[in-house]
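Novice: Mind looking over this structure? Questions follow.
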Protein chains: 2
Amino acid sequence: MDVISIGLLGLGTVGSGVVKIIENHQDKLMHQIGCPVKVKKVLVKDIHKERNVQIDKELLTVNPDDILEDSEIDVVIEVMGGIDETKGYLLKALKNKKNVVTANKDLMALHGNQLLTEATSNGCDLFYEASVAGGIPILRGLVEGLASDRITKMMGIVNGTTNFILTKMNKFGSPYEEVLKEAQQLGFAEADPSADVEGLDAARKMAILSTLGFSMPIDLSDVKVEGITGITEEDISYSKKLGYTMKLIGIASRNGEKVEVSVQPALLTETHPLASVNDEYNAVYVYGEAVGETMFYGPGAGSLPTATAVVSDVVGVMKNMRLGVTGNSAISPQYKKSLKTPSEIHAKYFVRLHVKDEVGVFANITSIFSEHGVSFEKILQMPIKEHELAEIVVITHNATLKGFEDILNKLKEYEMVREVKSTYRVEGE
Amino acid sequence: MDVISIGLLGLGTVGSGVVKIIENHQDKLMHQIGCPVKVKKVLVKDIHKERNVQIDKELLTVNPDDILEDSEIDVVIEVMGGIDETKGYLLKALKNKKNVVTANKDLMALHGNQLLTEATSNGCDLFYEASVAGGIPILRGLVEGLASDRITKMMGIVNGTTNFILTKMNKFGSPYEEVLKEAQQLGFAEADPSADVEGLDAARKMAILSTLGFSMPIDLSDVKVEGITGITEEDISYSKKLGYTMKLIGIASRNGEKVEVSVQPALLTETHPLASVNDEYNAVYVYGEAVGETMFYGPGAGSLPTATAVVSDVVGVMKNMRLGVTGNSAISPQYKKSLKTPSEIHAKYFVRLHVKDEVGVFANITSIFSEHGVSFEKILQMPIKEHELAEIVVITHNATLKGFEDILNKLKEYEMVREVKSTYRVEGE
């Protein structure tokens, strides 16, 4: 090969980063690949738009076929985002025997299996390291680094926006709405933050992670999702008092053949490695039967970090091209999907209640829990004098999700309970 | 291939782990490789010794040639340790076209380049992930995950024994000797702990890491080493007061074409991700121009964690065998070795002095620093009444190593300085 030609779909934040890295690190790339790497064509929406990267206008096109049908282009990098149209482009690229590198988590979470099958049947590589946790090489870590181990649990802080918001709420006790505004001003949250704050973005990444880590085809719809919009200052304050840090955690756990994947705000023991992952940083904690605890930490987003993952994938593709072994990296999931039922999901819970401050109420509440086999690990009770109420906060020992939901229903029916203020999962012990 | 046959050199802690993982995770291995994996022969010193792993006595041998000369053995796993004799075995294995996986940091730090060259010229793979930071897939992270980036700094807590000792010293303020004894009782330190506590073990790992991360052939003798045996309770206590945590840190940094690699106890800012890596855990912090900050965390030693890395390497070898591309993974260093001189190494320093408690002394000390262009970031002065002395602790702004050494010499000459009690590098801001 004289030169490796790249077609770039998209020239936004990540796309500009890709162009910069290919230019600035050309000598390292050349040393590893053995020939120069060139961006040959870039698909954009508007050729005349001002860009924050120097690029020859001649390279820009608004016609995807200038890339997808160009037989000289070896690798297509997709950093334009979107789902249906983008999927069409990538299928076409693969059919035309082009290797594909994508940073598109939405697309991979929804149509990853179809795209991977298409890649394999065309003898092409499809790499997507950048789709999860930006610059952190976590997919490689799972697939190669822990190739011999049986992974039983993954916990991820995989959304930078919500981690930024929760870090500030934890640190300064500020209310959610105020911190969200600050995050928007600083560019850590979108104008419409819903995909982030509702947990959907994290759920996409957990679907991709658990598919790889458990070798089981987990779809986005299998992931139970809860966002951070309901977290109050009181919740944060109590979690601190009890020795926890509030984080939006993606949890994927396996017992035997059965798995559970969820995203929710959870109380994490302060000494857990994930608890000190702050601001916009991401981290994925992996528990393997043999290796024990490992954690991969780094920037979860951003132009250059994400572009690093994209270009490192391109290097992987190119090495495979040189060796003549593209299309061999995808390993289809080993196991059929088997999800835990609510009776098979075990966790500890934080529960905060407002109850009437009368004799015998706490004893009755205790029995509602104990009738379901659930006891308390920590208890905090404080009077709310002006309303003749008491605030009760408990951390339970392990309960099944089914049992816990039954308890909540019973509590809501009990006339002495004014309100179940909040409940969270507790992790990290 | 019907079956992949492994020859195992050594059946100690890690070797037993390898046997267990290959047995327990056979279905995962088979799914990834497409055929069963069998341990065919194991080299041991004593066939009749009691083992903590179930293994057919028939597989054991005391003759290395039963493995090295057996044409049916595809992969040789070396977990016996040692240097000269072991190197001879591995060279023979490679000459006989066997792929090699090793966990031997001493060997790789000293003779890695020779072994890799031999592997490449025989078309064989030589993988050594387990040689650095046990179960953490850091070498893959550097070589593949960050393939497109230019790494400018690595800081590693790469020795579990010293991290265990320093964690206890930090937490309980106990003296070094007492904690060392505890570590020995718990099995976290050897009866002869010198390779660990003198920093040599960490230095070997830093030589391997910096060779890969900087693509430059760094030898063990290029690594400046200082151990933890001189750290006092006072040093720990002052470092805490000033907002730092004392850690044994391997530092590899690059400016332009020049690099510096060292291992020393250093004061790390408390908020730095490495500062919360405690007990026997290891972590490697990597700074890349594009990706920014990443960190890889996990167990640095132990039977199963290290064996995980070994067997994951075996999976890598086997995938390459299946694809017919073994011997292509080693990329020789891109750059000639170029080490920073003491005038090119920049750092902040902690200095603790005992001086005579007289008027003008502090001003004179300040001028000794400022004559070399070094100012103070933090200052602490306390009288030591019974001796008419004062204890002065300063954290400097950036200084060159050369400048700092000149300052120390000047301080030692100054008659008002009773003693330079201790100095440490300060990192992590």
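Just so you know, glycine gets a Cβ as well, placed from its N, Cα and C.
Below are the features I grabbed from TrEMBL:
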- B:Lys205: active site, proton donor (ACT_SITE)
- B:Leu9, B:Gly10, B:Leu11, B:Gly12, B:Thr13, B:Val14, B:Gly15, B:Ser16: NADP(+) binding site (BINDING)
- B:Lys105: NADPH binding site (BINDING)
- B:Glu190: L-homoserine binding site (BINDING)
- B:350-425: domain 'ACT' (DOMAIN)
Novice: List the Cα distance (Å, whole number) between B:Gly10 (NADP(+) binding site) and B:Lys205 (active site, proton donor).
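Specialist: That comes out at 21 Å between the alpha carbons.
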Novice: Provide, as an integer number of angstrom, the distance between the C-alpha atoms of B:Gly15 (NADP(+) binding site) and B:Glu190 (L-homoserine binding site).
Specialist: 19
Novice: Please report how many Å separate the Cα atom of B:Lys205 (active site, proton donor) from that of B:Gly12 (NADP(+) binding site), as a whole number.
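Specialist: Distance between the two Cα atoms comes out at 21 Å.
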Novice: Secondary structure at B:Leu11 (NADP(+) binding site) (DSSP, helix/strand/coil)?
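Specialist: In the DSSP reduction, B:Leu11 (NADP(+) binding site) maps to coil.
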Novice: Quick one: of the binding-site residues B:Leu11, B:Thr13, B:Val14, B:Ser16, B:Glu190, which has its CA closest to the CA of B:Lys105 (NADPH binding site)?
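Specialist: With Cα distances computed to B:Lys105 (NADPH binding site), the winner among B:Leu11, B:Thr13, B:Val14, B:Ser16, B:Glu190 is B:Val14.
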Novice: So of B:Gly12, B:Gly15, which of the binding-site residues has the fewest other Cβ atoms within 10 Å around its own Cβ?
Specialist: B:Gly12
Novice: Test of understanding: give the count of other CB atoms lying within 10 angstroms of the CB of B:Leu11 (NADP(+) binding site).
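Specialist: If we count other Cβ atoms within 10 Å of B:Leu11 (NADP(+) binding site), we arrive at 25.
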Novice: If you count, for each of the binding-site residues B:Thr13, B:Ser16, the other Cβ atoms lying within 10 Å of its Cβ, which residue has the minimum?
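Specialist: Minimum Cβ neighbour count within 10 Å, taken over the binding-site residues B:Thr13, B:Ser16, occurs at B:Thr13.
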Novice: I need the CA-to-CA distance for B:Leu9 (NADP(+) binding site) versus B:Glu190 (L-homoserine binding site), whole Å please.
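Specialist: Spelling it out, the Cα of B:Leu9 (NADP(+) binding site) and the Cα of B:Glu190 (L-homoserine binding site) are 22 Å apart.
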Novice: So how many of the residues in the domain 'ACT' (B:350-425) end up helix, strand or coil by DSSP?
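Specialist: Here the numbers are 27 helix, 35 strand, 14 coil.
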